[in-house]
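Q: First, the structure itself, so that you have it in front of you.
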Amino acid sequence: MQRTKKLNLLIFLLPAVLIYTVFQFYPAMSGFYYAFTDWDGFSPDVTFVGADNFKAILDDSLFYTAVKNTLIFTVLVMVLQNALALLFAILLDQKIRGVAFFRTVYFIPALISTAVVGFIWSTILNPVIGSWKIFFNAFGLTQIANMDLLGSPNTALYAIIFVMVWNYMGYSMIIYLAGLQNISKDLYEAAGIDGANRWHKFRNITFPLIAPALTINLMLSMIGCLKQFDHVFVLTGGGPGNATQVIGTAIYTVAFSNNKYGYGIALSMVLFVSIAILSLFQTFVLKKREVDN
């Protein structure tokens with residue numbers, strides 16, 4: 001009987017294992033091999049070049065520009081997205097009229113596809129017909145209205161950061177909200193009796209007890225930012241110049257524009273290893289701060 005049960009479980013698991021092997025494991029292993037070749041993505045002739053692709057990364061100015069932009073992007077998005085998400089989660093954890101409506105409104109951007117988000121914000125920030133220009137012109141702020149935020153090397157990256165935060169802040173907010181609602185109200189009442197003010201309650205009760213939600217949100221936002229591609233690609237394509245070039249778009253440029261697939265896969269492997277190491281380190285550090293509710 002037990003043997004039959006195990007056999008049935010294996011039969012049900014087999015399709016999932018096959019799908020994973022064909023669409024995940026095999027491409028990953030193939031990519032590992034091609035990272036050590038000069039494959040151009042089209043030619044059947046593939047030459048093994050050893051570690052040459054990885055050595056070339058160290059001399060690639062595009063790679064260093066992409067790393068710098070990716071780090072700036074990651075730090076700012078992580079800080080802004082989580083700070084705003086936590087703030088709105090605390091505000092919407094109150095018993096106020098219309099709270100369900102506002103929770104829905106703030107979460108809606110997270111449901112919109114990146115292509116649509118790119119179209120919306122490209123239109124809003126258009127220096128000729130965008131609502132950005134119309135809004136600031138109405139208040140006589142012509143200098144701000146005439147700014148080409150996506151077309152200037154000085155502002156393009158920060159404009160994309162703003163769009164990214166707007167897009168996913170609601171998603172992080174829901175996770176924080178779930179953590180807040182899991183905290184017993186008795187703890188706040190006891191702290192209030194002891195004379196604790198709002199700041200003391202947040203510092204000593206709320207923040208320690210939402211540490212699991214903080215760990216999840218920081219992990220998701222960090223991974224999403226390090227492998228960022230779609231927002232940058234649809235809004236600026238990595239330009240102007242290389243002002244918004246991140247590692248994801250650099251990989252695309254190298255592999256699909258320059259037909260250096262082997263080199264592009266090598267860059268992808270560097271990104272994968274970096275994300276894995278940083279994720280493990282971040283989890284280890286943040287898990288130590290978690291306490292039982």
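Each Cβ is built from the backbone N, Cα and C atoms, and glycine gets one as well.
Pulled these from TrEMBL:
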- 67-282: domain 'ABC transmembrane type-1' (DOMAIN)
- 7-26: transmembrane segment (TRANSMEM)
- 71-92: transmembrane segment (TRANSMEM)
- 104-124: transmembrane segment (TRANSMEM)
- 156-178: transmembrane segment (TRANSMEM)
- 207-229: transmembrane segment (TRANSMEM)
- 261-281: transmembrane segment (TRANSMEM)
Q: With contact taken as 3 or more Cβ pairs under 8 angstroms (pairs 6 or more apart in sequence), are the transmembrane segment (156-178) and the transmembrane segment (7-26) in contact?
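A: Counting Cβ pairs under 8 Å (6 or more apart in sequence), the transmembrane segment (156-178) does not reach the transmembrane segment (7-26), since there are fewer than 3.
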Q: Given pairs 6 or more apart, does the transmembrane segment (207-229) have at least three Cβ pairs under 8 Å with the transmembrane segment (71-92)?
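A: The answer is yes, given that the two segments have at least 3 Cβ pairs within the 8 Å cut-off.
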